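Trainee: Annotation comment: TrEMBL describes 147, 157 as active site, proton acceptor. Residues or ranges marked as NAD(+) binding site in TrEMBL: 14, 20, 21, 41, 66, 67, 94, 164, 193, 194, 195, 196, 197. Residues annotated as substrate binding site in TrEMBL: 97.
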Ligand code: NAD
């Protein structure tokens with residue numbers, strides 16, 4: 001336990017189950033005293049999120065929000081404004097691409113598949129940052145989740161890599177827009193972790209094995225390590241950092257070849 005986030009209201013978007021990176025972040029922030037608000041993608045996931053959040057032993061506000069729908073985003077932040085008022089942080093842990101776009105050659109990406117991946121995985125950060133901005137009257141910190149596939153061509157990551165590149169660029173543009181209101185925007189580039197979203201990526205086991213062999217720390221990372229880095233980015237300790245992509249990947253991204 002620590003008190004780094006005592007009195008801070010932080011919205012967590014993207015808990016699907018106990019393996020979700022968003023859940024790792026929630027646990028770290030909870031241990032630091034934050035008051036958490038969870039959004040979930042449609043009623044199908046509400047029960048999962050309710051069960052998990054109950055484990056924190058503190059009642060959390062749960063709000064429906066499918067980020068492909070402007071009306072959902074508006075309504076969700078309307079409810080949060082009504083029930084909580086000011087927010088100090090937002091964790092955006094949301095991405096999606098069709099499974100068939102996550103194998104073979106990127107050159108075969110369909111127009112629909114490209115648009116869908118961009119909409120859910122990149123544009124949604126812009127939409128939620130715009131909705132969260134008026135609630136961040138005391139300054140704030142927005143943290144999103146990215147991956148090395150946005151910087152390099154990673155086998156099978158394809159359309160999602162291009163969406164992550166757009167997300168990374170959005171982090172910089174949003175940081176530049178919102179900095180004058182003391183709202184910081186950063187991304188964590190996590191090493192591969194076995195989650196529901198990762199299931200869609202072909203040969204994911206081989207990716208994990210490569211990290212174990214080649215990353216400087218000779219191991220993969222887990223949700224708690226991303227969670228603790230997010231804690232740093234939400235806390236006052238990182239007050240001078242914005243527009244940054246912070247790699248939490250056991251050092252893998254620095255190694256050539
Ligand atoms: P996950 O499947 O647990 O989380 C993905 C979340 O996105 C789910 O909660 C899902 O409900 C949500 N989502 C998808 N479409 C949505 C929509 N239309 N509206 C609202 N929510 C929607 O998987 P995860 O690995 O925890 O993914 C979280 C983030 O971390 C993603 O951005 C992912 O790209 C990123 N990431 C994951 C890894 C990894 O190896 N797992 C590595 C780097 C980055």
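Glycine too: its Cβ is placed from the backbone N, Cα and C atoms.
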Trainee: Through the lens of DSSP with three states only, how would you label residue 94 (NAD(+) binding site)?
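Mentor: Looking at the DSSP assignment, residue 94 (NAD(+) binding site) belongs to neither helix nor strand, so coil.
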Trainee: What whole-number distance in angstrom separates the two most remote CA atoms of the NAD(+)-binding residues 14, 20, 21, 41, 66, 67, 94, 164, 193, 194, 195, 196, 197?
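Mentor: Spelled out: the longest distance between any two Cα atoms in 14, 20, 21, 41, 66, 67, 94, 164, 193, 194, 195, 196, 197 is 24 Å.
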Trainee: Expressed to the nearest Å, what is the distance separating residue 195 (NAD(+) binding site) and the residue listed as 'substrate binding site' at their Cα atoms?
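Mentor: Their Cα atoms are separated by 14 Å.
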Trainee: With Cβ-Cβ distance below 8 Å and at least 6 positions apart along the chain, what are the contacts of residue 157 (active site, proton acceptor)? List them in sequence order.
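Mentor: Long-range Cβ contacts: 102, 147, 149, 201.
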Trainee: Within 10 Å of the residue listed as 'substrate binding site' (Cα-Cα), which of the binding-site residues 14, 21, 66, 193, 197?
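Mentor: Neighbours among binding-site residues, in sequence order: 197.
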Trainee: Which of 94, 193 has the fewest nearby Cβ atoms, counting only those within 10 Å, among these binding-site residues?
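Mentor: Minimum Cβ neighbour count within 10 Å, taken over the binding-site residues 94, 193, occurs at 193.
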Trainee: List those of the recorded positions 21, 66, 94, 157, 193, 195 whose Cβ lies under 6 Å from any atom of ligand 1, in sequence order, or write none if there are none.
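Mentor: Among 21, 66, 94, 157, 193, 195, near ligand 1: 21, 66, 94, 193, 195.
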Trainee: So, three-state DSSP: helix, strand or coil for residue 193 (NAD(+) binding site)?
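Mentor: Note: residue 193 (NAD(+) binding site) is coil by DSSP, not helix or strand.
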Trainee: Kindly assign residue 21 (NAD(+) binding site) to one of the three DSSP-derived states: helix, strand or coil.
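Mentor: Going by the DSSP assignment, residue 21 (NAD(+) binding site) falls within a helical segment, counted as helix.
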Trainee: Relative to the Cβ position of residue 14 (NAD(+) binding site), how many further Cβ atoms are located within 10 Å?
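Mentor: So the Cβ neighbour count for residue 14 (NAD(+) binding site) comes to 27.
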Trainee: Of all the binding-site residues given, 21, 97, 197, which has the fewest Cβ neighbours within 10 Å once its own Cβ is left out?
Mentor: 197
Trainee: Of 66, 147, 195, the recorded positions given in the record, which has the fewest other CB atoms within 10 A of its CB?
Mentor: 66
